[in-house]
Structures are given as structure tokens and as C-alpha cells.
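Student: Handing you this structure, nothing more for now.
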Amino acid sequence: MPAPRPSQSAEAARAAAAQAEFNEKKWVWVPDDKDGYLAGWVVREEDDVGEVVMAAGGEIRKVPIYALSKMNPPKFDRVDDIADLTFLNEASVVHNLRLRFGSGAIYTYSGLFLVAINPYQSLPLYSDAIVHQYRNKRRDENPPHIFAVAERAWVNMGEERENQSILITGESGAGKTESTKKVIQYLAAIATDAHAPSLTPSHSQSPSLAGAGSFNTVVPAVGLPRSSSFRKHTKGVSVSQGSGFGGLTSKGRLGLLERQILQANPILEAFGNAQTQRNNNSSRFGKFIRISFSPDGSIAGANIDWYLLEKSRVVVRSEAERSFHVFYQLMEGGGSLKETLLLDGDVEDYEYLNKSRREVDGIDDREEWNLLKVKLFAVGCSAVVDMAVTECARHRRVHFCRTTRPLPRGSGGSPHRQHRDRVYSI
Ligand SMILES: Nc1ncnc2c1ncn2[C@@H]1O[C@H](COP(=O)(O)OP(=O)(O)OP(=O)(O)O)[C@@H](O)[C@H]1O
């Protein structure tokens with residue numbers, strides 16, 4: 001066995017010293033109004049009250065024993081999976097998440113779940129290279145990441161022959177929309193890569209096809225060993241959450257359908273998102289996205305359903321918030337469409353808009369309007385964009401499919417399946 005490098009031995013010595021110091025005392029987490037939990041060690045216990053020396057400053061506090069949480073040894077610091085902690089209590093979980101976040105690790109596993117902490121800044125975690133890093137890898141071969149979750153769904157789809165679902169949940173502003181975008185980004189990237197020989201999963205067993213999600217995404221079975229049943233049926237992965245897609249890492253390789261899926265989100269966001277006190281781009285509706293994959297691994301189609309749109313926002317909301325983005329975008333950049341819709345003046349002239357915040361930091365409504373029109377072109381509203389905008393506002397579904405021939409009426413399936421002509425009703 002090779003001798004350890006100096007840095008390795010220094011690290012080992014530091015770990016040993018930390019462990020020795022830890023062993024000398026009875027370490028606990030003490031609840032603190034300002035910092036959540038603070039480290040300390042118990043020097044005396046009497047009548048269910050512990051006397052604790054605070055590690056920072058040496059102050060002595062008397063705390064009920066039930067309020068103290070056992071601390072994990074330092075070797076558990078920054079552990080990838082919270083479930084590995086010896087003492088699984090709230091204080092230890094928060095400590096671990098805090099340590100990891102401080103070193104740039106926003107993702108942490110908790111058993112089968114992935115915890116994501118919103119960094120509120122752009123981090124270099126979603127490039128093509130990172131997609132590649134997670135492709136065909138087991139969960140334990142890489143640091144925790146949303147891509148690993150998407151990869152797992154893809155692999156399960158193949159191995160279990162079942163549709164897969166990814167549920168993304170959290171309070172407003174937690175990052176659900178962004179996480180959803182990352183899942184779509186990953187699935188779109190590996191789906192379009194599906195024809196590449198390198199995509200054959202190194203760890204697949206006897207696959208089949210799968211897909212599914214609550215943000216429903218149907219994933220293809222490409223590159224996976226297939227059973228006959230797999231060849232016959234398209235399955236998928238779905239993801240459920242509350243919103244959007246972002247840019248793709250490898251736009252140049254994406255097919256039309258993949259791009260349409262990614263570009264649908266800004267459209268939905270224009271009509272269903274608004275600025276709130278917690279989030280400048282808050283999704284005011286839930287979304288169920290289903291992506292279907294063909295046996296060759298390409299995306300066969302996608303379907304987005306929305307639900308629970310906060311319609312009341314149109315007429316009433318806090319004065320510190322706005323109505324849906326599209327109203328402000330239309331008033332800023334609508335041009336001739338405003339005349340068509342018999343609108344004139346600006347936000348100030350409309351009762352439903354002037355009792356709200358007008359502008360949002362970082363959002364240029366005119367520019368967003370122009371982008372919205374581009375996106376509408378991209379998803380196929382190509383004839384008369386302005387009319388399409390009006391149309392989009394009237395309907396409630398987005399449906400894309402690669403098939404260009406409409407299905408015969410009465411051929412079964414939902415009404416949406418009878419309109420498989422590359423578009424969308426939004
Ligand atoms: N992974 C991330 N990297 C960088 N910034 C992020 C990330 N996740 C979230 N953010 C930032 O936080 C903001 C709010 O996130 P997001 O809109 O995804 O929250 P949400 O949970 O969907 O909120 P709501 O329920 O109100 O729609 C984003 O606009 C973005 O600026």
C-alpha cells in the first residue's frame with residue numbers, strides 16, 4: 001500500500017485530534033433564539049436541568065435536558081446522507097446542512113430524498129460536464145445532486161419497467177421551479193444523447209423501459225437492454241412541482257421537441273407567475289409535467305397540466321406584490337396588440353393593476369414580452385404571434401408531440417391525444 005501523501009496524513013492527524021477532543025466532553029446542541037442551535041458540553045445534570053458550557057465564549061447556560069440534542073462526532077461533519085448520522089435530531093441535521101452549504105454543497109441526501117438549499121446565486125453546478133459526470137453513475141459515485149435523482153429515475157424506468165415520478169416540494173421561494181428546470185435539463189440532455197454509444201448504462205441489469213413523474217416526464221429506454229414489452233411501449237418519467245424550465249446545457253444537440261419542452265416554461269411563467277414578497281418569480285399554480293420517451297431513448301412527447309391557479313390574484317393581492325407577469329409585459333411591450341385588445345394607457349390606468357407594485361428588481365417587462373413572443377414562435381405558435389398570445393391566455397393545457405398527423409377522432413384517449421399535431425394549447 002502506498003504511503004499516505006503529507007496532506008492526507010495532516011488531514012488524518014487533524015481528524016484524530018478533533019475526535020480526541022470530542023471524546024473528552026459530553027457535547028450537545030443547545031437551542032438558541034438567534035442562531036438556531038449552538039454547540040456546548042454538559043458539565044452537570046441535576047433535576048432534569050443540564051449545566052452547559054457554550055463552546056463559543058465559555059458562557060454557562062442552564063437548559064432542560066429534554067431541550068438538548070446529542071452531537072455527532074466530527075467524522076460525520078458534511079456527511080452526504082443525513083440518514084448516516086448516529087444521532088438523528090433536528091440540530092444535527094441543521095448543523096450538517098449548514099456546514100455543507102458553507103462549503104458550496106447545496107444538495108444533501110436524506111435517505112431516499114434529496115434536500116436542496118436555495119443558494120440565491122448562480123453556481124457552476126449544471127454544465128454539460130456535470131451532466132456527463134452523473135450519467136450512468138450510481139448515487140454513491142458522486143456528491144449529492146439533483147442530476148443524480150433524475151439519473152435514478154431514468155435507470156429505474158429501464159430496470160423496473162415502470163413510469164417514474166419526481167415530486168419537488170417546499171415553501172415559496174425554496175427553489176422548486178429551479179429544481180424542476182434542472183431535472184428537465186438533465187432528462188432532455190440524456191435523451192438527446194441517447195443515440196450515443198457512450199450512453200449505455202454501465203450498471204443497468206435487465207432493463208426495460210420506464211418513465212413518469214409528477215412533474216411528469218416520460219423517459220425513454222434508450223441504451224438500455226430491452227425486453228420485448230419494452231420495445232412495444234413507451235413509458236416515462238414525471239415530475240411534479242410548481243414550475244419551469246431553464247436553458248439547456250447543450251442547445252446545439254437538442255431536437256425541436258426537446259427545445260419546445262424547455263421553452264414552454266417561460267410561457268407558462270408569464271401567465272402563471274407573479275412577484276410576491278417571498279419570490280420575484282413565484283409560481284401561482286401547480287404543474288404536472290409528463291415526458292414520454294420512445295424505445296430509442298428520444299423524447300416522444302410531453303404534456304403539462306396546471307392546477308390550482310391563484311385566479312384571485314387578478315383582482316386582489318398585497319400592494320407589495322404584483323398580478324401575473326403577462327399583464328405588465330403586455331402593457332409595456334404589447335404595441336399593436338394593445339390596440340387589438342382595445343387597451344390604451346399603461347398600468348396606472350387600470351384598476352386591477354395600479355393597486356400593486358409596478359416594477360420588480362431584475363425584471364424588464366418589455367424585454368420579457370419580447371422573449372415571450374420568441375418562445376411562442378419556438379413552440380409552434382408561428383402564424384400570428386399576437387393572436388397566439390390571446391389564444392394561449394384562453395386555454396389551460398400545453399401539449400406537444402412529435403407526431404404531426406392528428407389522431408382520428410374517436411380513436412380513444414383523452415381529447416388532447418386527438419390533437420397530436422405538434423402544438424399545444426396553452
Ligand atoms: N439551484 C439554484 N441555483 C441558483 N438560484 C436558485 C436555485 N434555486 C432557486 N434559486 C433562486 O431562488 C429563486 C426562487 O426559486 P424558485 O422560483 O424556484 O422557488 P419556488 O420554490 O418555485 O417558489 P414558488 O413556490 O414561490 O414558485 C429563483 O428565482 C432563483 O433566483
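Each residue, glycine too, has its Cβ placed from N, Cα and C.
From TrEMBL, for reference:
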DOMAIN    23-73  domain 'Myosin N-terminal SH3-like'
DOMAIN    77-426  domain 'Myosin motor'
BINDING   GLY170, GLU171, SER172, GLY173, ALA174, GLY175, LYS176, THR177  ATP binding site
REGION    406-426  region 'Disordered'
Student: Based on Cβ atoms within 10 Å, give me the single least packed residue among the binding-site residues GLY173, GLY175.
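Tutor: Per-residue Cβ counts within 10 Å for the binding-site residues GLY173, GLY175 bottom out at GLY173.
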Student: Going along the chain, which residues six or more apart from ALA174 (ATP binding site) have their CB under 8 A from its CB?
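Tutor: Listed in sequence order, they are ALA116, ASN118.
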Student: Of the residues in the domain 'Myosin N-terminal SH3-like' (23-73), how many are helix, strand and coil by DSSP?
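Tutor: For the domain 'Myosin N-terminal SH3-like' (23-73), the helix, strand and coil counts are 5 helix, 30 strand, 16 coil.
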Student: Provide the number of Cβ atoms within 10 Å of the Cβ of LYS176 (ATP binding site), excluding the reference atom itself.
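Tutor: Other Cβ atoms found within 10 Å: 26.
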Student: Including all protein chains displayed, how many Cβ atoms other than that of SER172 (ATP binding site) lie within 10 Å of its Cβ?
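Tutor: There are 13 of them.
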Student: What average pLDDT does the predicted model assign to the domain 'Myosin N-terminal SH3-like' (23-73)?
Tutor: 94
Student: Let me know how many other Cβ atoms fall within 10 Å of the Cβ of GLY170 (ATP binding site).
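Tutor: That number is 14.
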Student: GLU171, THR177: which of these binding-site residues has the sparsest Cβ neighbourhood within 10 Å?
Tutor: GLU171
